[in-house]
Amino acid sequence: MNQNLKKINIYSIYLGAFILILPIIAFFINAFSFRWFYPQLIPKELSLQAWVRLKLIPKSGQRTFEGFLDLWSTNPIVIKALINSLLIGVIVTIISIIIALPAARVLGLMSFRFKKLIIFLMVSPTILPPIAFVLGLNINFIRLGFSGSFFGVCLVHLVPIMPYVVLTMTGIFANYNPDFEHQARTLGANKFKTFYLITLPSIAPGLVVASLFAFLVSWSQYLLTFLIGAG
């Protein structure tokens, strides 16, 4: 019985890994295909046309890295887009951590009424399709003058990021012992020293994970950036 259960678990892991890898395989095949339409299981025609358009492969069909370098050196739009994505990701990560720390501390260490309701409302942006709330936000952002601005893009990125950051840090604070802070305060440490020497080292692993979540989620927000950033 245990042996059969073990086999089922192994097959389940393999199946889950295959489902996760399947979209990557589809992207890879699509990069070397031409007009791959539904319901075709595999493309009928292979092509390097996409690589030629990106100048990664010359029209003669020979591979070269010169085209790749030219893409970055001669196309300022690509460089500007990369810099903006990095800058937005870093800014949004810092802001989300600053906002999430006090909220996660309260949710992780305290028990109060409507706590589950607050958590549910907080994670609702991850449940709803992005298009469901971004259209309403876009109307308000236009009225406030935020639409089409760098500030507006950073602000809208906080909507899908905050649930991940707050929930990650809530789990960290749920296993955190605040008595160490009280002991440090009784020994004469001020609030800044207590946070810097006691709290921060204890929650540092969670901060790293939450920061990675925030940056990656921000980096993947194409639809929100496209609509709020006015293209």
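Here the Cβ of each residue, glycine as well, is placed from N, Cα and C on the backbone.
The transmembrane segment feature in TrEMBL is assigned to 12-38 (among others).
What TrEMBL records for 81-105 (among others) is transmembrane segment.
The domain 'ABC transmembrane type-1' annotation in TrEMBL covers 82-231.
The annotation transmembrane segment is assigned in TrEMBL to 117-137 (among others).
Beyond the ends of the transmembrane segment (149-174), by six or more residues, the same chain brings 84, 88, 91-93, 95-97, 99-101, 103-105, 107-109, 119, 122-123, 125-126, 130, 133-134, 137, 141, 203, 205-207, 209-210, 213-214, 217-218, 221, 224-225, 228-229 to within a C-beta distance below 8 angstroms of the stretch. According to TrEMBL, the feature transmembrane segment maps to 149-174 (among others).
Among the features that TrEMBL reports, transmembrane segment is placed at 195-217 (among others).
Distant neighbours of the transmembrane segment (81-105): 150, 153-154, 157-158, 161-162, 165-170, 172-173, 207, 210-211, 214-215, 218-219, 225; these residues of the same chain sit at least 6 beyond its ends, with a Cβ under 8 Å from one of its Cβ atoms. Secondary structure counts, DSSP: the domain 'ABC transmembrane type-1' (82-231) has 125 helix, 0 strand, 25 coil.
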